[in-house]
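Engineer: Below: one structure in structure tokens.
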Amino acid sequence: MSWIERIKSNITPTRKASIPEGVWTKCDSCGQVLYRAELERNLEVCPKCDHHMRMSARNRLHSLLDEGSLVELGSELEPKDVLKFRDSKKYKDRLASAQKETGEKDALVVMKGTLHGMPVVAAAFEFAFMGGSMGSVVGARFVRAVEQALEDNCPLVCFSASGGARMQEALMSLMQMAKTSAALAKMQERGLPYISVLTDPTMGGVSASFAMLGDLNIAEPKALIGFAGPRVIEQTVREKLPPGFQRSEFLIEKGAIDMIVRRPEMRLKLASILAKLMNLPAPNPDAPREGVVVPPAPDQESEV
């Protein structure tokens with residue numbers, strides 16, 4: 001037996017550690033490897049570089065509203081392939097794939113509840129659902145959110161994260177821009193606050209309608225906000241755009257948005273602003289996250 005074989009015979013093979021998938025993730029900005037559970041506790045904000053990663057609609061609403069107060073609205077509304085649209089793939093197949101991937105029926109989730117004990121209606125986009133694109137169901141759910149806010153005489157908050165209108169629904173998608181804007185006019189007539197929170201990215205028909213119609217337009221840090229994307233603009237005007245173009249820090253310098261708020265500070269900031277606008281006592285930052293339990297809304301059959 002050679003000396004190499006003798007060494008080999010004395011080596012005990014080590015057992016390969018098995019790490020479940022999804023335990024670790026990597027920051028999109030700095031590349032830091034992060035523990036998934038810790039990142040979720042930090043509201044999907046990188047603890048090293050403060051990069052705000054994309055957050056699911058449900059996690060966002062649960063992080064905003066008081067525990068035990070959330071009631072979902074418009075969940076019975078489902079998209080339909082009325083036009084029998086097909087590009088490289090059938091629209092109904094794209095819908096089925098997005099629904100399976102996200103667990104959502106469409107790209108907007110609406111809930112009513114309380115924020116530091118104050119009644120609020122909140123909506124949030126699920127960007128993972130076809131890029132948060134706006135179709136008939138998104139428009140109908142947003143209008144439902146406005147109607148609920150009017151009924152409860154309370155504020156409305158919407159977190160936008162969208163690539164714009166859903167091309168598979170053609171003009172029916174574009175119609176939602178006017179539909180949602182008209183609904184918000186009723187909020188203005190009643191004197192009820194509507195706060196729009198712009199997250200990364202907020203583009204196209206969503207930015208050209210209700211996303212920029214807030215009484216206050218708040219953005220998260222480094223969020224991409226605009227109509228056409230930077231690459232499309234550069235190709236059209238044939239000029240190099242300035243650094244940070246269409247990012248929230250660039251837009252606040254130009255007066256296009258009102259403020260930038262970090263995600264961990266968003267809940268208290270929104271509660272403070274809404275309390276002031278509704279002429280209510282300022283929220284206690286140390287108060288536990290327990291709100292008034294709101295009774296479930298009665299089941300209603302609605303058509304988009």
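Even glycines carry a Cβ here, placed using N, Cα and C.
Among the features that Swiss-Prot reports, domain 'CoA carboxyltransferase N-terminal' is placed at 23-292, with the record citing sequence analysis. For 27-49, the entry in Swiss-Prot reads zinc finger. Here Swiss-Prot flags Cys27, Cys30, Cys46, Cys49 as Zn(2+) binding site. Residues or ranges marked as region 'Disordered' in Swiss-Prot: 284-304.
What's the neighbourhood like for these features in this structure?
Structural biologist: Across the zinc finger (27-49), the model assigns an average pLDDT of 94.
All protein chains considered, the CB of Cys27 (Zn(2+) binding site) has 18 other CB atoms within 10 Å. DSSP gives Cys27 (Zn(2+) binding site) a coil state; it is part of no helix or strand.
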Engineer: Taking the centroid of the Cβ atoms of Cys27, Cys30, Cys46, Cys49 as the Zn(2+) site, which other residues of that chain lie with their Cβ within 8 Å of it, listed in sequence order?
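Structural biologist: Neighbours found: Asp28, Ser29, Gly31, Gln32, Leu34, Pro47, Lys48, Asp50, His51.
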Engineer: Which residues in the same chain, at least 6 apart in sequence, have a Cβ under 8 Å from the Cβ of Cys46 (Zn(2+) binding site)?
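Structural biologist: Once residues fewer than 6 apart are set aside, Cys46 (Zn(2+) binding site) is near Cys27, Ser29, Cys30, Gln32, Leu34, Leu39, Met53.
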Engineer: Might you list, by sequence position, any residue in that chain lying six or more from Cys49 (Zn(2+) binding site) with a Cβ less than 8 Å away from its Cβ?
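Structural biologist: In sequence order, the residues whose Cβ lies under 8 Å from that of Cys49 (Zn(2+) binding site) (at least 6 apart) are Cys27, Ser29, Cys30, Gln32.
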Engineer: I'd like the number of other C-beta atoms within 10 A of the C-beta of Cys30 (Zn(2+) binding site), please.
Structural biologist: 12
